[in-house]
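Inspection log for the structure reproduced underneath, given as structure tokens.
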């Protein structure tokens, strides 16, 4: 028996457990880039349209989100610019969740212990997780290459983009593999890996939008996708960077693994207090203990993200008036007059979706508690189901409000400081971000409804959020019909500060959220626990 | 109030599985009631219905004169529950969990908490997962036993405890009985049930198959007799209720149905008895009689396990 014995069995077990999740990732991430090819020809039929698009694409404020545009005169170049960065982020999430599900989560639940007692090599579990996640990354890249080349884009460019995305997936497989060794709980390890993705996204956002800090993009594996210049004079050697880094990260993970015990992390747990603080006497106090760590982390992250995007906002002021195309571009993205206001409006949508991720996570904490058998002992006390659910939902409702305030504050402060007008800008930007709250609440309510009625399908909440995200981010540029846009609650939020404030859609969204929450409570009161 | 728990005709299905199929259970106030049954018989499901976690499909359930589904908060102030599979929050220490659960039940006796921690040799400063299974169970046990409640619902509470801790647990349950608390104890440890329980219910496939005091149940099974007689054991084999008779000269060894014991002993006395040992049926035999009849044809397994 060597250290890899049993890897094949574990890979098969992982594929069996992920038989729905992985194909969804592969199909969605694999086919998304190819789907633009046709839309590009419709949206920008003339050389004139394409030239103006190129001007807009090189605007630093656009580059913050989408990356630098190298060649927007071809469908391929447009695709690489529009999707490269996002594909890097999403394949990173895929790799993180996949690796964690088959390493740290298995240890958390004690299942790995059961397996380890069988004929299983010491490295089998980590190897299997790396193989599955790495294999999925490569498969996604392959599907992208075939689909893009198949829809008429240049084969070389398709290869560069697909390989770049796949290599990015390999890097984040390595990141997750290390996080799984260092941290004792999958929740922490997942959070840290996602934070790494966020930091690397920001790093390239800074590099892509600030001429003086272009080197920052070179520090980010997400930036490497665009730096290999798919469809714009490919530089395949850039792809060696992620391959070497992925190899190094995975090697480090394997070095760390023998230094710890099964079930333990590298960071040893500290003893806690022998008695509970006087305040720990209600389900809300317990919920605060469970939610405060993630909430504080998210709030700080949102402040930083807001600060970065706010600081960059001034860069686009230079373009005002000089480029009609930029303005048109922003209107397509959901903005209105005033380039900066349009930029802030577009950011608001992204912030809203980000807060939506937190809202779903906080709501689904209820299901996690239930599955981990932590709900049962609580409901055996005088705590009622309604009170327990309310204490968790307080975080799903107030948490996003805090996050939207933090990100609005960050954006408004740095932008205000740059243009010496903090007093006006902070409330304006805060208004734009807080206006997203009703849409976020609808998302939280939908997740709660699944928890109340169909607890086994709470994972669908993420699918719903993804649909909203795709509609909000890519719907306007793909010119999908209004009926499709209307599906996402985020489409109904007024694009403040440029657009006029209208309370009607916000009241409607809030009303819908209230009704759906009520349905969730009613369902949860009636169903079986467990 | 003389009945703490009264369940009759309880049915609970999960999809196509019929977990409880007309279960009956009566627990009198102040007694320690053993709740026995093979794995998957429906013990935990019954306890979850009693806690209002599951909704019964049909049947009557009364708990402390209330309805466990509707009167949740009022009833739960008066009871404490130890689940079979104790999970703890990873970021909370054992001491914090004990205090939290106690406060949510409506009060914790601080002196008793300290006393129990010492007796169970539990370190309350460790966090969630760093506890072993046995220690997680101790956390739940201390939280339940230190709470000021009338009824304890214990679902295999000692499956992870070592023999020393098992003895401590038995002491604690006897103290609870002296205080007049009612205990429903689901268990697989028969010695524990024999030592602690006033009455026992045995369930199988979601149905109650036996219920009563241990001595009542013993009547339903067989006593082993070994005797040295004054003469040949004439006609013993033909007596009703005698099984597995082995005779060697004047020595006989057999099993007899407990309700036929009197007649058989009279027959032996007529022959003349020089020495006699009798072994009452153990709970294990009772148990196996109800559990194992799909494993062995009725009658044989009893002989196989007699000691």
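Just so it is clear, glycine is given a Cβ too, placed from its N, Cα and C backbone atoms.
TrEMBL labels come from automatic prediction, so no person has curated them.
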In TrEMBL, of the candidate ranges A:215-235, A:236-256, A:257-277, the one given as transmembrane segment runs A:236-256
Quick one: which of A:368-392, A:393-417 does TrEMBL have down as transmembrane segment? A:393-417
Per TrEMBL, the range holding transmembrane segment, considering A:54-78, A:429-453: A:429-453
Given the cut-off of 8 Å on Cβ pairs that are 6 or more apart in sequence, determine whether the transmembrane segment (A:393-417) and the transmembrane segment (A:295-316) share at least 3 such pairs. yes
Test the contact criterion for the transmembrane segment (A:159-182) and the transmembrane segment (A:80-103): 3 or more CB pairs under 8 Å, pairs 6 or more apart in sequence, then answer yes or no. yes
Of the listed stretches (A:295-316, A:336-360, A:498-524), which one yields the highest count of Cβ-Cβ distances below 8 Å with the transmembrane segment (A:429-453)? A:498-524
Positions whose Cβ lies under 8 angstroms from the transmembrane segment (A:295-316), at least six residues beyond its ends: 59-61, 64, 191, 195, 198, 202, 205-206, 209-210, 326, 339-340, 343-344, 347, 351, 354-355, 358, 362, 395, 399, 402-404, 406-416, 418-419, 429, 433
For the transmembrane segment (A:20-40), could you work out the same-chain residues 6 or more beyond its ends whose Cβ comes under 8 Å from its Cβ atoms? 75-76, 78-80, 82-83, 87, 90-91, 94, 97-98, 132, 136, 139-140, 142-144, 147-148, 150-153, 161, 165, 463, 466, 477-479
Same-chain residue ranges lying at least 6 outside the transmembrane segment (A:460-478) that approach it to Cβ under 8 Å: 24, 28, 35-36, 39, 43, 82, 86, 332-334, 349-350, 353, 356-357, 360, 363-364, 443, 446-447, 450, 454, 484-485, 487-491
Which residues of the same chain, at least 6 past either end of the transmembrane segment (A:80-103), have a Cβ under 8 Å from a Cβ in it? 10, 14, 17-18, 21-22, 25, 29, 32-33, 36, 57, 65-70, 72, 112, 125-126, 128-130, 132-134, 136-137, 140, 144, 157, 160-161, 164-166, 168-173, 175-177, 179-180, 186, 189-190, 193-194, 197, 200-201, 204, 221-222, 225-226, 229-232, 473-474, 477
